[in-house]
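What Swiss-Prot says about this protein:
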| type | residues | note |
| --- | --- | --- |
| REGION | 1-178 | region 'Disordered' |
| COMPBIAS | 36-72 | compositional bias 'Acidic residues' |
| COILED | 111-150 | coiled coil |
| COMPBIAS | 123-164 | compositional bias 'Basic and acidic residues' |
| REGION | 193-217 | region 'Disordered' |
| COMPBIAS | 203-217 | compositional bias 'Polar residues' |
| COILED | 233-325 | coiled coil |
| REGION | 263-284 | region 'Disordered' |
| COMPBIAS | 271-282 | compositional bias 'Basic and acidic residues' |
| COMPBIAS | 319-331 | compositional bias 'Basic and acidic residues' |
| REGION | 319-355 | region 'Disordered' |
| COMPBIAS | 339-355 | compositional bias 'Basic and acidic residues' |
Amino acid sequence: MALSGILSKRVIAHRADENELEDDFSSSEELNTLGSEDDEDEDEDEDEGEGEGDESENEEAPDNASSEDDGDNDIKSSLSQISFGALAKAQQSLGPLKKGAKRKHGSEEEEEEDNKNTKYKKSKSDALNELRERIRRAKEEKASKSEGSRDNELLDKKHKEARSSKHAPAVQSSKYAVSRRRVVVDGENVAQVKSRDPRFDSAVQSYSHNAKSSSYATSHSDLAAAKNYAFLNEYRDAELKELEEKLRRSKKDDEKARLKKMITSMKDRKRAMENRERERQVLAKHRKKERELIKEGKKEKAWFLKKADLKKEALKEKYESMGAKERQKGIERRRKKVASKEKKEMPRSRRMVEG
């Protein structure tokens, strides 16, 4: 089996033409005929030797040995000239060897190949193990370095944070190089520049107003914008009616919840705008009244409303403009709102007793 394997490998590497195969077979036949002629000559010599004496046998013995050596050399030379294709063809014609009939030479070659393979595998496994060991060591060194750097960073942070007071200047180690670019303003504490709309910007308006005179005062730019875009209130009212109509016609719960949320948001926004407008009117009336009193000489200095007083006056103005029934409903709603707010601020133990 080993010989057949070796022959097949060599046949794959060196394929011969059909003409070479025929020539090789003819040469092998000639060798066979030569071998048969040599055998006949040897038989004739033996017969002649039997008729002669012992002296002739001693003389012909070296001649026979030399002839046999010449024949062996001729066979070896002829076999060396036979191509691998002819040998493969002969092996195929003879058929494969049986399992138990292994040649000694083939078994030795297989053992050598097995030994080489095992040595190669061992060397490969050793190289892999060595590579894995190097990778493991490199990882350990990297982890130790990272841990050391983290410890150093923590120590540096602690050293930086340790100051006499929060107003003390920051301390920087002299080991670190100073940056060539000087930080004038810290970017984190600087407010980002926002885009400005000239329609609502007081700096672009044709008149100026000191909005810092009171914290709740409304600037003239806001008033001008409200006056210029008053038609948006009509659009909002139309949109609110449309949403209420959709809510009345809708049947899906998800759609109803979404529409209710939108309607509530729009109503709250509208109510907040009305309250702001009412407070502005109350504040304008109060300023006008104080200005007239100063002109008449009844007052030397103007009296400015506080936020709480302004809200009370605005609420009073709101209830005075309502009807009787609407005023009663509003007062009841206000009372419930204040009661729930007080209940939330009350401790839980008192809340349970009074509830």
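Here the Cβ of each residue, glycine as well, is placed from N, Cα and C on the backbone.
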Mean pLDDT across the coiled coil (233-325), rounded to an integer, is what?
90
Please spell out the DSSP helix, strand and coil residue counts for the compositional bias 'Basic and acidic residues' (271-282).
12 helix, 0 strand, 0 coil
